[in-house]
Every structure is written in C-alpha cells, then in structure tokens.
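Enquirer: Got a structure for you, written out below as structure tokens; questions coming shortly.
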C-alpha cells in the first residue's frame, strides 16, 4: 500500500496544485493546460531523482516553510474576514453533532475528509533524511498548527459561500484572494514537488529493505550520499513510478477520484501500522497486553470508521491502490518463495569436506595451469556447482579460489579489511575461500586491478601462515577452517608485493633489491609474474613452494567460473507450484538484475556452468 501511495501521492499533489489554473485563467483554456502541465512537472520530478536529494535538498526547507506560512496567513485572513467564530469547530461536540444529524451521508463523507491528512504523513516516510525527533518537533510546532489554521480558514470562507452557484469545483484556491492566486499557485506547485519527493524516497527505502530480505527482485540501488545511508535511488522503480503516475493523472484527470484512491491507501497503511504498533508495545517496549489492546481499540476504531467509509468509494477510484498492492504482493510472494527454495537447494546439495578429501589433492582429475575463480553466494561449504563441474569435465585449474562478494551496510570498507581468506581442505589441495567486502560507496576496481589485489592478498596469506599481517583477528569460523583478514597490496607495504611485466618489457626489467620468487621459464608467456618478499620474515619450504605455484598459475591466467541455475519445480508438484516456479519466478529472474559478480566478470575469461535446480 505504501508503494501504491508512492504512485498516487505525486499524481494527486501535483495535479491538485496545478488545478489552481481553473480559477486563474478562462474555463475554455484551463482544461487543455491542466493535464499537460501536471505531466510535465511529474516527468521533471522523476528525471531529477538520479541526482540525489542532497544536491537540491537545501531548497526543501525554504519551500515548505514558505508554503506553511502562506496557508497559515491565508487561513488567518479568512477567519478574521469571514467568520471569527469558526474556532468553535475545534470542539469534538460538533463532530458528534454532525454525524448524528447527517448519519449515513456524514459517514460516507469521511472518505473525502481523509484528504486533510494525506501528505502530512509523508514526513514519516522520509526518515532516511531526518531524525525522528526533528520530525516530531517540526510537526507539533509548525506543520500541525499551519494545517489547522488553513482548514479553519477554508471552513470560515465556506460558511459564508456554501450556497454559491458556480461551475467551478470548491477547493483550496476558492478561498484564496484573487490577487494572491498566481503567487500561491507557484508556491503550491513547489510544495507539491517537495512532498512528492518524500514519498518517492520512502518508496525507494521500502523496495531496498524488501530486496535485502529477498522479498523483491534484485534492482540497481544507487546511494546518492556518502554520509546519509537512507538517500538512495533505484532507476527501475523510479521510471516505473513515473509511468504509473502519468497513467493515473491522464486516466483520472480529477482530484476527487485521485483523492478516493489516495485516501484508501493512506488509511490502510495507518490501520495496519496501528495493529503492528500493538506488537511493538508488547514485544519491544515490554508493556502490559491490556495497554496494547486499549491502544488498538481506541485508534483502531477511529481508523476502521474511516476505512469503511473509503471502501464505499471503491468503484470511484479507490480500486487503484488495491490493484497496485495486489500486483506488488504477487511479485514479492513469488520472488520470496522461489529464492527460499533455491537457497534450500544450495544448502542441501553443497559438497561436504569429506567428499573433497576422498578425491585427494588432484581432485581425481587433471589439474591444469591457471587460477579458477568460482563465484558463489555461500560463505561456507562448497557449492553444488563445483561437484557438477568436476563430474562432467576431466580437468580443473591448479589453483581454485571460491570467491564470495558481499556488500555491507557501511559507506566504505577499509582496504586492510577488504579480503577474508582461508583454506578449504589441506594446503596441498590449493583450494582457497575468499570473501571480498565492499561498502555501498566503494568503487569496484577494474578486472586487472582486482586480480592483482586478489593474488597479492592470497600470497600474503600464504606467507603469514596462521598470523595476521595487520595484527587483527577475525572471529569468522567456518567448517573449512579459520578465515583471516588480509588487506590489499597497498596496505601491507612490508609484506609481499606483486609485480607483473608485459612480455615486451621483460628484457628491460631490472632486479629488485628484495628477494624474488620467479616462475620457471616458459615458452611465450603472456606475463612475467614475480613476488617480492621482504627479508625479515622467514618463509618455510612448503609456503615457498605454494607461492611458486601461485606465481605459475597467475602467469597462465585467471578464469571466472559462474554458476547459472535454472529453477524448475520437481515432478509431482502441484499445478500452482509449477506455475509459480516455472513461469512466475523464471520470468522475474530473467528480467531482474543479475548479481554483482556476473556484471563485473570479464566476458573473455568467463565460463558459465549451467545447472537445473529441481525444487
């Protein structure tokens, strides 16, 4: 529903602001201008999202402050000029009197009153930009009083003009003095853009959280700020929201039906939030269950009254958020179910260490020269794709690295904590596990630089043995052995350094002052690779042989081996499961973003290993 609100709020806010043209220009012209102007503003709003709100955020506070002061001043003017006694409407008695007199008609009108609160709740969707305390202070001291004065002013105006015969719709701009309509129109459009920005950012945040919980297909998440984690931009969602906003604006062309749709979305979110808040009271705040029940009964009754009134307008536009939420719900359920079944298959079919030990150091096959980088999502164990490859091909690389790339929720990962390296099985197997950690603002290096850092870090791990080069220990343990934190080449200047010379420059390469581990001469090598080893630490014979073998493998080249799974429902599954897995989940996987490892691997050195997952 919040995602649906991200579609309806920008459309309603911008279109209602632009609707002021109805009173500012002739009736023959405004109907041809209203919709195109609203569409142009919406397109501009979504087109600017990729720049990030931190670039134009300094304009938000002046615009909102100007808008709140503007509606407050207009409200005070209308109260004084038309009906100073309107302040009595603050009494709840008149609410009771109104409902008792109008009965069913008054109950049905509650759905339209929801427009009074839609938009103000968007501040809470913008928690990625502001703290909770700042929103509470701003709302109670400025936003709420300004809204009360504005609505009291409109009520004062309508109390003297409710019987007026006019072809125009009664709205906010009717109560604005004629000389101020054009300036107020401009301020209203700017305020609508700012308010729409808040709910769009909130939609991005919810999509990101759903994606992190494997409840939404993978999308590209761009962090537009290195200081504030909540400022993100998702291109696919941005353009989808823009198309849906334009469709709603062009399809409805009426603030009444847009208001019905937005009202149902907002009151549903409020009702669900109230129910979930009762769980927070009991589980997080450790309050009495009776207190939580009283909370739900009091606020839930009021919101249920508004919710029932909004459902009456279902055929008058309120069906839109229901349809949107139903579509998003299906997508999220299908993706989560398929992802869960795929992960369960990976865990149940990962190769055990005992199976690996039974193959021996040669893995039961021919070990050819080179380094094989096997991308996997598992941080422990051996993926099923490895056994699938071994049993179908008679050769594998002499050095195998199971590479796992993880993104962590911090802006930057220090270079000395970039790599996490450990052995899989005995050392003579030449099997390594490497977990590479990136922050959301870290720039991924190109292929050559990444390969150099990876090989250099593995070499430093071999040289250091069981001791940490930086004096730090990592607590991560796996069934394969202890994982060690190793930095990049630039972080351990007193350790092993990697030097690579092109074939054309071999003759001109000078000797280093440090001892070097060279690869044996080969015919027409592509690169001459050397490890420069410092004199102080002593390297045992086994580590020196391991380093020499790593040099030979690096000189032969690196191959990227990617697993590509085809998920199918197993035989005997129900028709619904086959429909969800074979068609729904398959369609979403084909049209969602590939993992980061797939996008960064060089195509010339990439080998994809297909495997069918019967879940």
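Any Cβ shown, glycine's included, is placed from N, Cα and C.
Pulled these from TrEMBL:
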DOMAIN    1-357  domain 'K+ potassium transporter integral membrane'
DOMAIN    370-614  domain 'K+ potassium transporter C-terminal'
TRANSMEM  32-52  transmembrane segment
TRANSMEM  58-80  transmembrane segment
TRANSMEM  105-125  transmembrane segment
TRANSMEM  137-159  transmembrane segment
TRANSMEM  180-207  transmembrane segment
TRANSMEM  232-252  transmembrane segment
TRANSMEM  264-283  transmembrane segment
TRANSMEM  289-307  transmembrane segment
TRANSMEM  319-338  transmembrane segment
Enquirer: Applying the under-8 angstroms CB criterion, which one of 58-80, 137-159, 180-207, 264-283, 319-338 scores highest with the transmembrane segment (289-307)?
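Expert: Maximum Cβ contact count belongs to 264-283.
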Enquirer: How about the transmembrane segment (232-252) and the transmembrane segment (32-52): at least 3 CB pairs under 8 Å, pairs 6 or more apart in sequence, or not?
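Expert: These two segments touch.
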Enquirer: In terms of Cβ proximity under 8 Å, which residues at least six beyond the ends of the transmembrane segment (264-283) contact it?
Expert: 1-2, 4-5, 8, 111, 114, 117-118, 121, 289, 291-293, 295-296, 299-300, 303-304, 306-307, 310-311, 313-314, 318, 321-322, 325
